[in-house]
């Protein structure tokens, strides 16, 4: 990609004199009437049906519109504001539904019996059947997004506050939309501003993350924690007394601004009495130990983390982020320079013997947004997967842990988001290698050495995949055969041939024994063994007669399914990594970089060169990601129902060790709710289950047949239309190979995800 304006010599002064260009691009509404205005060929309009597919494929490929990094950067930056606006509108809709159509107040008053609902179906031709009795004289659709639990954690106590949030979110959306227009048309940043990476890190880490976390800690301290303390006392039947009046119900709750009054707040947390500033600056920080705690474990009333622990966490994290954000050299000439760090960083001479170390890596990252995006997607995707585990192991929101459909939904959601982001990381890494990588800059540095060693990397990874696949699947096949032959003693199981996950059990014991041994002297902490998370040999957390979380025992069944996880993860990695390492060239197609990110084959006359583009690796990686994560969420769903929630009689350990057990005791047995949902409030999940299966099956039509079949069929259909003088002016064309695979993958994933959605929700909502 060309870089405009031309690169200048590195500036001595770190601060840019004028970082923006005013009135750079005038607003031109006429473009809205010209689909494909960015491309000469697309702007001519459609001659064949391929035009509409190319329009969709290239609409957001800003690189190809102008081929100018500054213009691309401005478009991406402006699009960020549009994205934020969409998020605020979406949040506003959630707040509005909570304020106008929900049973939020009813749920707050009895969260262990009333189920959350925020949508009432209108009775047109019988749809009112979907309005389930959720308790508290409310009929509606049960929601499983966790927003009620989250709002309770924020300290929201009535629908009026939700309506205020809905209006506020709409206003923020309007500001964001204006920001996107302003920073593209009126005050567009220059390329040097985008490439000023140290200032960007300072702004993002210290400003957005650090100050944002401290600001949220302030909300938690002054609103969230006092509200939680009052409401927890109500739910426990031991109301607190404020100014001589017992706070016995939500109607008695002080308004949020009243909680900021030290005279009221100090009756809940004495540390919030009027001397907080003095205590802070005299370092008398122990005075804050009643609302900045380190208790560990779960609140026995709500089955969630202590709000005072959460406040402490956000404050500490925010302070660390503010400090970390100031590590980089910006305007004062002190701190780290990323270019100096990378240019001077050479790895271990034995393990990583690249003579030029990381030289050239800074320039690659500073000029390739695809490379940066690849790294960021990989990290945020991994973080999402970590979050999915924390949602059940350390539930952050009140009463979340006993809302089983929501726990399962949040786990599944964050797993799929993480998987999609990681595949996206490989996609953008491949694009970066093709469009932004300059071999002349990378000579004997770490990236060059990895590319030179790619055959060894991929072949070894392929061996690991084969080893994991044959052995882990072989354990299941062995068990199926032994069970069929009536030889349980010869099966791999906790009662037969044991394969205990000794390392995982050791890690559980470390977490259990380490609690309480790493605390500060004099701190107000009460960490007991098992209270880092109850899943690590802790105790059972029960709320309202339901198990929120309990110790999760690991045995042979977990050992076996975890090696299936290892297998699917390694195969996904093999596909994605091969797509990146062989994006520019391969023995089969040495000039692959000239063909671009996505291409069907290496031209006519070269058989066997189809489906080798970097895009095709992303396509294949999506399937393995989806199938791998399906095993993960199935494992989680069955394990929790069996060993934690007590819904399936603890059958996981003995049933999940055979393929037949997964088919019979998980898929078949647990689909009874969705298959028999007709005539019940969960009947829409039955329809969704059928419909999503259809969408999934529809995808196979695109994936299993070639382009020529359809083009041949179209020729006959067009001939018939010509006979009747009904031929269309836009010539029908079969989808290209790449387009067909894209449509197939989209329907495969959509159908599979919606099928699983219906299966999980009907199961746990149906069980009540």
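Each position is counted from 1, following the chain as shown.
Note that Cβ sites are derived from N, Cα and C of the backbone, with glycine treated the same way.
Under the heading transmembrane segment, Swiss-Prot lists 76-99 (among others), citing sequence analysis as support.
With a threshold of 8 Å between CB atoms, the same-chain residues lying at least 6 positions outside the transmembrane segment (162-185) that come near it are 23-27, 74-75, 77-82, 84-86, 88-89, 91-93, 95-96, 98-100, 104, 151, 156. Swiss-Prot lists 162-185 (among others) with the feature transmembrane segment, giving sequence analysis as the kind of evidence.
What Swiss-Prot records for 201-225 (among others) is transmembrane segment, and it gives sequence analysis as the kind of evidence.
The transmembrane segment annotation in Swiss-Prot covers 310-328 (among others). Here the transmembrane segment (310-328) has long-range neighbours at 153, 197-199, 201-207, 209-217, 220-221, 224-225, 291-294, 335-338, 396, meaning same-chain residues at least 6 beyond its ends whose C-beta is under 8 angstroms from one of its own.
Feature annotation from Swiss-Prot assigns transmembrane segment to 369-392 (among others).
Within the chain carrying the transmembrane segment (408-434), a Cβ under 8 angstroms from the stretch's Cβ atoms is held by residues 63, 144-146, 364, 368, 370-371, 373-378, 380-385, 387-389, 391-392, 400, 572, 576-577, 579-580, 583-584, 593, 596-597, 614-615, 617-618, 621-622, 625-626, 628-629, 632-633, 636-637, 640, 753, 756-757, 760-761, 764, all 6 or more beyond its ends. For 408-434 (among others), the entry in Swiss-Prot reads transmembrane segment, with the evidence type sequence analysis.
The transmembrane segment feature in Swiss-Prot is assigned to 456-478 (among others).
Residues or ranges marked as transmembrane segment in Swiss-Prot (evidence: sequence analysis): 559-577 (among others).
The [4Fe-4S] cluster binding site feature in Swiss-Prot is assigned to 601, 610. In the shown protein chains, 13 other C-beta atoms lie within 10 A of the C-beta of residue 610 ([4Fe-4S] cluster binding site).
Residues 408, 411-412, 415-416, 419-420, 422-423, 426-427, 430, 561, 564-565, 568-569, 571-572, 575-576, 578-580, 648, 652, 656, 662, 666, 670, 741-742, 745, 748-749, 752-753, 756, 760, 763 of the same chain sit 6 or more residues outside the transmembrane segment (617-638) yet have a Cβ under 8 Å from a Cβ within it. Per Swiss-Prot, transmembrane segment is recorded for 617-638 (among others), and the stated evidence type is sequence analysis.
The annotation transmembrane segment is assigned in Swiss-Prot to 682-704 (among others) on the grounds of sequence analysis. With a cut-off of 8 Å between Cβ atoms, the residues of this chain six or more beyond the transmembrane segment (682-704) that come close are 129-130, 132, 673-675, 735, 740-741, 743-748, 750-755, 757-759, 761-762, 765-766.
Applying an 8 A CB threshold to same-chain residues 6+ apart, the list for residue 693 (divinylchlorophyll a' binding site) reads 751, 755. The divinylchlorophyll a' binding site annotation in Swiss-Prot covers 693 and is backed by sequence analysis.
Residues annotated as divinyl chlorophyll a binding site in Swiss-Prot: 701, 709. Its own atom aside, the Cβ of residue 701 (divinyl chlorophyll a binding site) has 13 Cβ atoms within 10 angstroms in the protein chains shown.
In the structure as shown, the Cβ atom of residue 710 (phylloquinone binding site) sits within 10 Å of 17 other Cβ atoms. Annotation note: residue 710 (phylloquinone binding site) sits in a helical segment as assigned by DSSP. The feature phylloquinone binding site is assigned by Swiss-Prot to 710, with sequence analysis given as support.
Within the chain, the transmembrane segment (742-762) has long-range Cβ neighbours (under 8 A, six or more residues past its boundaries) at 57, 144, 405, 408-409, 412, 416, 619, 622-623, 626, 630, 633, 637, 670-671, 673-674, 677, 682, 685-686, 688-689, 691-703, 735. Annotation comment: Swiss-Prot describes 742-762 (among others) as transmembrane segment, evidence class sequence analysis.
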Sort residue 701 (divinyl chlorophyll a binding site) into helix, strand or coil using the DSSP assignment.
helix
Starting from each candidate's C-beta and looking 10 angstroms out, tell me which of the binding-site residues 601, 709 has the most other C-beta atoms.
601
According to DSSP, which kind of secondary structure is residue 693 (divinylchlorophyll a' binding site) found in, if we only use helix, strand and coil?
helix
Between residue 709 (divinyl chlorophyll a binding site) and residue 610 ([4Fe-4S] cluster binding site), how many Å separate their Cα atoms?
17
Here the Cα-Cα span from residue 610 ([4Fe-4S] cluster binding site) to residue 710 (phylloquinone binding site), rounded to a whole number of angstrom, reaches 18
